[in-house]
Amino acid sequence: MWCSAAVDVLFLLDGSHSVGKGSFERSKHFAITVCDALDISPQRVRVGVLQFSSAPHLEFPLDSFSTRQEVKAKIKRMVFKGGRTETGLALKYLLRTGFPGGRNGSVPQILILVTDGKSQGHVVLPAKQLKERGVTVFAVGVRFPRWEELHTLASEPREQHVLLAEQVEDATNGLLSTLSRSAICTTTSPDCRVRAHPCERKTLETVRELTGNALCWRGSRRTSAVLATLCPFYSWKRVFLTYPATCYRTTCPGPCDSQPCQNGGTCVPEGLDRYHCLCPLAFRGEANCAPKLSLECRIDVLFLLDSSTGATLEGFLRAKAFVKRFVQAVLSEDSRARVGVARYSKELLVAVPVGEYQDVPHLVRSLDDIPFSGGPTLTGSALWQAAKHGFGNTTRTGQHRPRRVVVLLTESRSQDEVAGPARHARARELLLLGVGSEDTRTELEEITGSPKHVMVYTDPQDLFNQIPELQGKLCSRPQPGCQAQSLDLVFMLDASASVGPENFAQMQSFVRSCALQFDVNPDVTQVGLVVYGSRVQTVFGLDTHPTRTAVLRAMSQAPYLGGAGSAGMALLHIYDKVMTVQRGARPGVPKAVVMLTSGRGAEDAAVPAQKLRNNGVSVLVVGVGPVLREALRRLAGPRDSLIHVATYSDLRYHQDQLIEWICGEVKWPVSLCKPSPCMNEGTCVLQHGSYRCECRDGWEGPHCENRALRGDAP
């Protein structure tokens, strides 16, 4: 800001003992900082300084110096006087003599009074008389000021004329902002604006506090006796007190305000409108530290930001910064993508409707205006509302409607149920993508329906590294699969010592990711899990868990067994005790076993695997290890049902291949009698598109499940 009008400015600095030498030096620093914005010359701005304590002392009149350098040098050489705080005497001196060296009121007069507001005389009347003569009074506090007195001294409106010199840059901004309203000062940029914002006034006061009662003795008028009684006992202490206020400050756009440097780059301003980015190694040489990205597809994207208490203010600001960097990196004038932003906690608020912005800078400014709300984390409710209202009331369908995507950013787990609202959103043809911390991975996988739709970051900086991955996911089209077809699926995990607990945990994570690809419920896909090592154990059967959430939780709790494992014994266990109608297998539904093993202990598995295949159960072998064992090749069967993975950490790269195999198996014809629905060694007979059970002697019922009743012996 720059003040170049004809105006007389007089600094009235408190040099009393209550202010102290340290605060007096800060008062001088404040005066020098203000002078940096003044066009000091005999025809323009004149500056004088008066120090007061027990009596006023003129340091130099307004007509002493004609340059800014001279004025600042003289202020620096001022010496602290000390004494009483006689503010009233200093004001009366000005009433009597006027502004020393001034232009007798022919130009605006500004008095900048810097004090702690603890005057030992009367100030109300002389301050009022000065203001009535047209003097504009700024009351600037130092140390811990008495704000009531400062408000009495200052001109109206008082919230614009009362400042705190301890915060030099802020106080200077406030003073010049007020002067700019009267055209005395102007901003260097037309985009600068004076805005009101909430602030606090702080002070230090001595208060009396009741600490208890103590025994004391008092005389009585009626008797000559001395009476013992309890008397209140008080202590005095100094406490910080704050008062809410409104401050008016000028804010100007800077080249780094929009955070143009992405992927952890640091923005370094170069003047008013230029900057350069210090980029991490991976992004050096790229403009703004960002790879050249663009959204070529026709798409509507709604960013859903967690604004709950669980997300914290820092997490919410981090999410906003992520969206700002993303749109700056991928949106251009010819982009066919449209973006919207909503925040949620207890309720969903669409802050920027999809596509309703002029350009990217306007979108970024709109993001800055979205406040943090706090409250409960109701992600399920937000998903339901986003599916209903997040993209407006458009009636376009099919080819006439862009692909619609919800990108959920959260760092806290939901306090309401998310599975139902997520299914509802996906049923409305919304693609759900999740970006979150490691703690939210499982919930985000459940919400999006696929681990491929989830991006997890390990630290705040890693969040911004997800921008290229998100860009790729937004425009990729999923391949049609078989997730909605009926299927009985059993995973069989090698939990023997040859695998080890760490690798077993990676197998668990892999099968959980695979299970997310299927609609788990009794009418569509049923999932079971068997582990083998020192023994064979059914972790849960096909009909144990009717929901995907329950299946995922149970998979996480699967035990590592250790010991020597036998894949053949495990496959026979599945044949006899898992893939049976008695244990939940459904007649006429495709059935598959996915076996994950290191290959050790698989020498006896070829015959049991073929036995399962002969009974209508497909078997896929996923062999892990640098060398593919011959025993696993024999397990593959006639359709070469084998996937070889070099290491356990590479399992995730073969998920698509596994899902493709399952989808291919469910297309094969299914026999209602394989596996046999008949119990107790009954025989299944196909007839007219259905089946019937021929029971052995002693058994009866549709599935030979009941013992036959016999009459009494003669």
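Heads up, the Cβ atoms here are built off N, Cα and C, so glycines get one too.
For reference, TrEMBL has these:
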{"type": "DISULFID", "residues": "Cys695-Cys704", "note": "disulfide bond"}
{"type": "DOMAIN", "residues": "8-179", "note": "domain 'VWFA'"}
{"type": "DOMAIN", "residues": "253-290", "note": "domain 'EGF-like'"}
{"type": "DOMAIN", "residues": "300-474", "note": "domain 'VWFA'"}
{"type": "DOMAIN", "residues": "488-662", "note": "domain 'VWFA'"}
{"type": "DOMAIN", "residues": "669-705", "note": "domain 'EGF-like'"}
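Cys704 (disulfide bond) has a Cβ environment of 23 other Cβ atoms inside 10 Å.
Same-chain residues lying 6 or more positions outside the domain 'EGF-like' (669-705) and placing a CB less than 8 Å from one of its CB atoms are 579-582, 585, 587-591, 615-617. The Cβ of Cys695 (disulfide bond) lies under 8 Å from the Cβ of Cys678, Asn680, Gly682, Gly701, Cys704, Ala708, each of which sits 6+ residues away along the same chain.
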